[in-house]
Amino acid sequence: MGTASSLVNPGEVIEDTYGGGGGEACVIPVEVKPKARLLRSSFRRGPRVIGASFKSTASVDLEYAAEYERLKKEYEIFRVSKNNEIASMQKKEVKLDEENKRLRAELQALQKTYQKILREKESAVEAKYQAMERAATFEHDRDKVKRQFKIFRETKEKEIQDLLRAKRDLEAKLQRLQAQGIQVFDPGESDSDDNGTELTVPGTQCEYWTSGGLGSEPSIGSMMQLQQSFRGPEFAHSSIDVEGPFANVNRDDWDAAVASLLQVTPLFSQSLWSNTVRCYLMYTAETQAEVKIFLKEYSPKLQRMCETSGYFFQVTFFPEECENQYFAVRKWEIEKSSIVILFICSSLPSCLQEDCEEAFLKNTEAKPCLIYHRIEDGRSDSEGLKQLLEQDTNKANKTKIVDHYGDPVEGANKIYCQLEQVINQDLLGIEITDPNAKDDSATKEEDDFWDVLWDVHDEQEQMEAFQQASHSICELGFQKYYDRLNDLVAAPAPIPPLLISGGPGSGKSLLLSKWIQLQQKHSPNTLMLYHFVGRPLSSSSEPSLMIKRLFLKLMQHSWSVSSLSLDPAKFLEEFPHWLEKLSIRYQGNIIIIIDSIDHIQQSEKHMKWLIDPLPVNVRVIVSVNVETCPQAWRLWPTLHLDPLNSKDVKSLINMECGRANIILTKEQERKLERHCRSATTCNALYVTLIAKLLTWAGSTGNIDDVLQLCLQCQDTVSLYRLALHSVQEVMPSAKDKEFMREILCFISASRNGVSECELMELCPGLTWPVLTSLIFHLYTLVLLKYSCGLIQFQHLQEILSFNILNFKAWDAVNLEYMQGDQSIISEYREKLIQHFNAQLSCDRVTWRSADELTWLYQQQGEKQKLHRCLMNLFVSQNLYKRGHFAELLSYWQLVGKDKISMASEYFDALKQYERSCEGEEKMTSLADLYETLGRFLKDLGLLSQAVTPLQRSLEIRETALDPDHPSVAQSLHQLAGVYVQSKKFGNAEQLYKQALEISENAYGSEHMRVARELDALAVLYQKQNKFEQAEQLRKKSLKIRQKSARRKGSMYGFALLRRRALQLEELTLGKDTSDNARTLNELGVLYYLQNNLETAETFLKRSLEMRERVLGADHPDCAQSINNLAALYNEKKQYDKAEELYERALDIRRRALSPDHPSLAYTVKHLAVLYKRKGKLDKAVPLYELAVEIRQKSFGPKHPSVATALVNLAVLYCQMKKQAEASPLYERAMKIYEDSLGRMHPRVGETLKNLAVLRYEEGDFEKAAELYKRAMEIKETETSVLGAKAHSGHSSSGGDTYSVQNALPVCAFPE
């Protein structure tokens, strides 16, 4: 039996085939253990089915056995895999243990190595510190020894110089004795040679040099002192003396004409020296319409025009109701004015008669004047007007009358056009030739000093400071101080600077300015370089600007080309080396005077070069306040200014009162004498201020009251406060007094002062009568002064409590109006910021806004606004182009930007600005900005970054203007300069040649731009050791510069010459006198120096005619005019006329002058050169021989000038094929050069070259090669000494020796 349950799986549903309900199969438990053997079924049919038995289907053992086998297999597989994993992990563990052991060993080794290196580092650091200490000690000892050796060397050189001078004096005495017929012993016949001392001075006459390695050069001061200070025509003070228009004119003539122009001269009125074009305007009621139109429409245009040239422009006028008031003020304004304008119709009111008489009839300085005369039908001019027009036209001859009939608008336009022409031509000195020719103006300033940037306003400020400091006519017993200063100049070198000390207001500036005037008068060969330091934190107290200005003043006396660094640190460091280099090129003393040197920012740090020994011909004088003098400077020789004694006090007060026609009573004098006995009341400024207050009060008649108030003031500040109260009392209204307070506060809050036109804009409601009256009173009481067109306070004082330097007047204003409250100062500075920001918003970027706005932001601590201001490209361009490089860097450092950040931000700003540029004018401005950025980056040392903006500037100019435009040459020149500094000489040479070609095509072959390119190419060839090519270019450049009719660095240039010529022309309108004839001659020379040859010829002819009438035809003065006329014709290449006049002048001077007179020598020289130029060699020979005789009589037979004359004569003989006669002359000249200048002097080398050519022509090739080789050795020696610089453009003949440099055939001598 069995069941069918084993045939189905558990849980399956079993269907009922009989229709019944199905059920689920389940496992029926077996309760009875089955038997081991079952009975076979008796009814089984068919074959047996496997597993169909009950045993096979229901057996548990079979089921579990299968499952067991399966699990067993799985377990076995699992076990084997896990065993494998365990074995693998064990292997990895073993491997990791081994790696761990290895790493631990390495770690221990590294730790040991680290400890070893750490110990070595500590020992190395300790050794480094010890080495640094030893180096510092060694450097200190080296500097000490170096300084001692320099002192020793300079002392010995001075002794040598004194011995040489004594030797020359003895030779001169010997020659005089021989001339008198006294037989004396001739040292030349003795066995001993008194000229045996060899003085080797390589390169002392070299004019051209660049900034080579300063550290490797010998002391140029010593080189200069070893050279004898020979006098002679070829030993000129500068290359301007050698040839060209200056050489053709007698040196005495042009020295007299030019010397006063190169120094500060008081011949010009304050208005011409001021930085303001002042128009004094007068009008009547009938012409008010024209005046209103002129002031509204045309005055702003003139203001923009003057701002472009760096000048202020203002129109001062008094309304008709004020004409009867302010008489003294109106007279003062007329005196200050640059031009007077009168608007008038048919009558002249009585209220204007005094002003017209003062402006037109008493116009002693010949100022330009304009009269607008409106003509109306049916009205005739009054008698007073007719008389004014007739008198002024006949006498002054400087008044232009504009007659107008018709519309007032047209009349105002006429007077505007006339005024514009007068301002440009007569006041600013701008020649108007082509209205469209404005391209050259952008770089005019840079041409004056090649690539050196400078600020014309800084120079003008110094000149005005000198004038104001020397204004006093009372010298207060300065003679004893003058003697001490003179002793300093005459003392043997080396000596430290002289310290002039004294209290504030003791007269230090006055003493220095008066002594400078005396030196200029009595020692014209002494170069005076002065700097007056003004208000602290002003431009004048910036050390880098001061040093650069002094350097440029030195450069006026040397035609050198310099690559001057604008980096302030390098500039201040290299200045002593530049001073040594330049001192040798000036044959005379150089005196540097710095007033108030203690006011310079970080003076002790930046003036360290004063401690080192100075070059032998350099003297330094500085003034300081006693309280603020640095301790290291107190060891210098000191000249202390004592307080005034009672005599000086009385003299000063009486002099000031006498000028105002005021006489003090005896009682008043006694009161003053008793009062002025203490140190503060005997101060020069204190006494001057008392005198000013008394004279100012004298007009009101209350001297006793003012004197009593003055006696209550015990110091200068209290006196200034009294002066402020006195001026306030005369102001007519409370509103005017408020204006006074605001004006003084604006001046106090500004950096360099405020101009009058700026005050009119800053103070709404302020009128010209009130402003001019206030300034007049404050100026009279020495509270205010003018400086470069700005109103400033006078006199400095140190306020120790604030540790800042201030004006005494500023201190008084601070106490009176601000009570030391910084918030009030900040308030007025904010008003100034708003004013200058308004100018920037109108695209008016002037030197004033660039200077003041950046400084005001710095003082206010507004860094973000300062940064925005610096990002104004035109503000930064203005600062950079005026040389304020150090100031610009300091501002960027203040806002936290480095050089790379600056460059990046400027690039981004330029790119943004370029997107808005359209039109030629905008593109030209963009090119200028790119060029400025390139130059700025070059000065920062970022040469690779500088190339991109310069290339962009070049592209813009070539596209917007023309590839041959002169400004393209400017871009090429600047880009080449960057390549030179980057040592890419091939690229630089190509660019320089392109710039040269463009400049020659645009300006001609004798323009200063051409000379600049030639100089740049010469420097480039010098760096490449192409010395012959470099020297050729330098000589060519030198000739161009000599022919240029201006002196480099003269601040006013032709404008000064033109104004001086106009003044002289006014002086020659009188009778025939010798003085007028001399003035005419001087006037002709001045026009000649301007290359205005036609006008010069007219005046020289007038001078000659007047001298012949007054003095006679054979007078030496007539020979002077004839000689100058001959020089003029020589310059015009009219050689026949020049020859005739030279012969006539020579005849007169031979009969009238001594045989060795310098004027005779000049005429002989120029006539001989003219003969040689015309090929009349036979006529030239006796003149050259005469030149030798004259120089022998003047300087002695062994003077270099004699050798030069011998060389000239020898060259002439060579040209005449008389080599036999030339040879001994060359040998004699070479012997003189070797004995006097040294065997390695360039003059010896030039003579050897000439002699080599002579031997070559004679066929003695071996001797010629020997001489030429020695000449080249001298040249190489000179080049190595001067840092690879070429020889001077001065030829050995002083300009008229035949050049043999290229006369030798190619391959004449082996290399």
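Each residue, glycine too, has its Cβ placed from N, Cα and C.
As given in Swiss-Prot:
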COILED    81-183  coiled coil
REPEAT    889-923  repeat 'TPR 1'
REPEAT    927-960  repeat 'TPR 2'
REPEAT    969-1002  repeat 'TPR 3'
REPEAT    1011-1044  repeat 'TPR 4'
REPEAT    1077-1110  repeat 'TPR 5'
REPEAT    1119-1152  repeat 'TPR 6'
REPEAT    1161-1194  repeat 'TPR 7'
REPEAT    1203-1236  repeat 'TPR 8'
REPEAT    1245-1278  repeat 'TPR 9'
Residues of the parent chain within Cβ reach of the repeat 'TPR 2' (927-960), under 8 Å, 6 or more residues beyond its termini: 442, 451, 565-567, 873-874, 876-877, 880-881, 885, 899-900, 902-903, 906-907, 910, 913, 920, 967-968, 970-972, 974-975, 977-978, 981-982
Helix, strand and coil totals (DSSP H, G, I; E, B; other) for the repeat 'TPR 8' (1203-1236): 31 helix, 0 strand, 3 coil
Surrounding residues of the repeat 'TPR 3' (969-1002) on its own chain - C-beta under 8 Å, 6+ positions past either end: 443, 451, 927, 931, 934-935, 938, 943-944, 946-947, 950-951, 953-954, 957, 1009-1010, 1012-1014, 1016-1017, 1019-1020, 1023-1024
Counts by DSSP class (helix H/G/I, strand E/B, coil) across the repeat 'TPR 2' (927-960): 32 helix, 0 strand, 2 coil
Counts of helix, strand and coil residues, the repeat 'TPR 4' (1011-1044), according to DSSP: 30 helix, 0 strand, 4 coil
